[in-house]
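The structure appears below as structure tokens.
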Amino acid sequence: MLGSHLLVLLAAAASASPLRARSEYQVKEHFNVPRSWSRVGRAPSEHVVNLQIGLKQARFAELERHLYEVSDPRHERYGQHLTADDVNDLVTPADGTLDLVHEWLEDNGIAKSHLEYSPAKDWIKVSLPVDHVEALLDTEYSVYQHATGGHIVRTPSWSLPRHLHDHVETIQPTNSFFRAAPRRSNARPIIEDILQPLAHEKFISNQASSDAGAFDVSTVCNTTFVTPQCLRTYYGTVDYVPQVPGKNKIGLANYLNETSKRTDVKLFLQQFRPDAASAANNFTIEVINGGDNTQTPNTAEQNADGKNMEGNLDAETILGIGYPTPLIAYNTGGSPPFQPDANTDTNTNEPYLDWVQHVLGQSDVPQVVSTSYGDDEQTVPPSYAHTVCNMFAQLGARGVSLLFASGDAGVGDEGACISNNGTDAATFLPSFPDGCPYVTSVGATTGFSPETAAYDVLGSGSVFTSGGGFSNYFAQPSYQAEAVQNYSVASLADGAYAGLYNASGRAYPDIAAQGQKFVVTWEGSNIRLDGTSASTPLASAIISLVNDALIAAGKSPLGFLNPWLYQGGWKAFNDVTNGSAAGCGVEGFVAAEGWDPVTGFGTPNFPAILESLGL
């Protein structure tokens, strides 16, 4: 049943006559429907769309300048991060933009009193039934089904009056087919034949020891069973005690109805980080836009879907490494499965927009946020990708390090490496948001002597490899130009894979960390998981500990990592030179000395990072 708020809008619309004579409608953006989606039929006219209108930000170029200055170790403003008010002042639309958009909406029966705004007023939100949105955007919405199941309501093309084209950057949900899928490759029960029973018992006792420095890597690390004690020992954080947990925080992003199950997190910590067990009850969960926080046991169907595997993996890894640093889990709704009937869920928002708008609206934000979700870049229209990326820049300017998982299929999923531009040409498949130049992309490694790029043949016959590549949407930022050029000269001099990737695009990943055979407690049992969704919370927790040391020394947190990383921070990382980003039926880009599009600059050496920062 429609609420009274929406009924007012409908009544206004019925009496309004759109004044399209102000300027003709023209297509603002057309985007081909990705091959993995197929049209089912027209969207029900009464289906409610939570429309989000992204306006042109008046001074984004100035904001970007500030971002790079406060993130550049060579600049006199390094570490002088902006406040929320500073950022909002820079991205607030010009008065003329707001006036024109308000006029257009009012012409279509939508009064300003029914609109919601972001703090900077660069986003306008309004909920409308499909038939009203179709009239507003001169388009037609349909129900689309993904090859793996699930439905969404979208349109491949939408229009605006011509005079608004320079004032509106994007409107969603329209033509974005992005699915924030977890970067998780497999889940397998830990069974006794992995380790002999006696060895297993001894191994577990080592993991739970409170005498952190009593063991070396050979004692606590096993390539079939990776735990916090192993990772803390291997990357050198095991003897570090956080000094200012009240001033330093870390966040993780949960999507797709995921949450982090407190009972599982507690059981995990009791086994593998006993001193941190109390954190299972103390970490914060913020629910955004109807996100799920069900803490009761899964149903059989939910177990079959692996519900909360990702949320548990992220929370258990972060707390296992970074305790007692406070953790915030952001559980964001949006883009749920759509059932094409009159009783469908009305929540069709794009989850990244909901999450980043929520965090930008807060005055106190975590210094690091880990996100283990992404999708192929070509599932996202360019306007959406650039708008969301620019919002990530706003967080970076405020001193937030955003780390994203680079993907689990190397240069692209087998059988899916086909362009979505209408040519059906063979292509590598870069990932979003990894191609955004304002985030730090994290690949995955395996093994300990030495580490190599992650590679695991799964039970299904598919292969997990560290994702890497070059964006087709975002130009290569100057901070990485030299590193990428060095790699291209040394490893791609023969023109390998020419035409399959954009050599001038933003290259990723930037760094890597262990990401194979992580032990995770889920629904009361221990399982193993592979994925850059494991390496990303691990790397995030280590960076958070670096921030703790910086803040304790009276310094600013690292913030946007990449300028620091590419200008010399990489020297404190363990170079990974073996392995490749296999995918698309080929070996893919290979790991090499220095930066490479498989493991970036390698994995973090915590003591070396502290030393490089004068700590």
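Every residue, even glycine, has its Cβ placed from backbone N, Cα and C.
Sequence annotations record features per position, and here TrEMBL assigns active site, charge relay system to GLU310, ASP314, SER533. For ASP575, VAL576, GLY594, ASP596, the entry in TrEMBL reads Ca(2+) binding site. Taken from TrEMBL, the feature domain 'Peptidase S53' covers 225-615. Residues or ranges marked as signal peptide by TrEMBL: 1-16.
Restricting the recorded positions SER533, ASP575, VAL576, GLY594 to those with a CA within 10 Å of the CA of ASP314 (active site, charge relay system) leaves SER533, listed by sequence position. In this structure the C-alpha atoms belonging to ASP596 (Ca(2+) binding site) and SER533 (active site, charge relay system) are separated by 20 Å. Checking each of the recorded positions GLU310, ASP575, VAL576 against SER533 (active site, charge relay system) by C-alpha distance, the shortest gap belongs to GLU310. In this structure the alpha carbons, written CA, of VAL576 (Ca(2+) binding site) and GLU310 (active site, charge relay system) are 26 Å apart. Across the domain 'Peptidase S53' (225-615), mean pLDDT in this model comes to 93. Put simply, GLY594 (Ca(2+) binding site) is 31 Å from GLU310 (active site, charge relay system) when counted between their Cα atoms.
Neighbouring residues of the recorded Ca(2+) site, listed in sequence order and excluding ASP575, VAL576, GLY594, ASP596, comprise THR577, ALA591, ALA592, GLU593, TRP595, VAL598, THR599, GLY600, PHE601, GLY602 (Cβ within 8 Å of the Cβ centroid).
The Cβ of ASP575 (Ca(2+) binding site) lies under 8 Å from the Cβ of GLU593, GLY594, PHE601, GLY602, each of these being in the same chain and 6 or more residues away along the sequence. If you draw a 10 Å sphere around the CB of ASP596 (Ca(2+) binding site), it holds 31 other CB atoms from the protein chains shown.
The 10 Å shell around the Cβ of GLU310 (active site, charge relay system) contains 30 further Cβ atoms across the protein chains shown.
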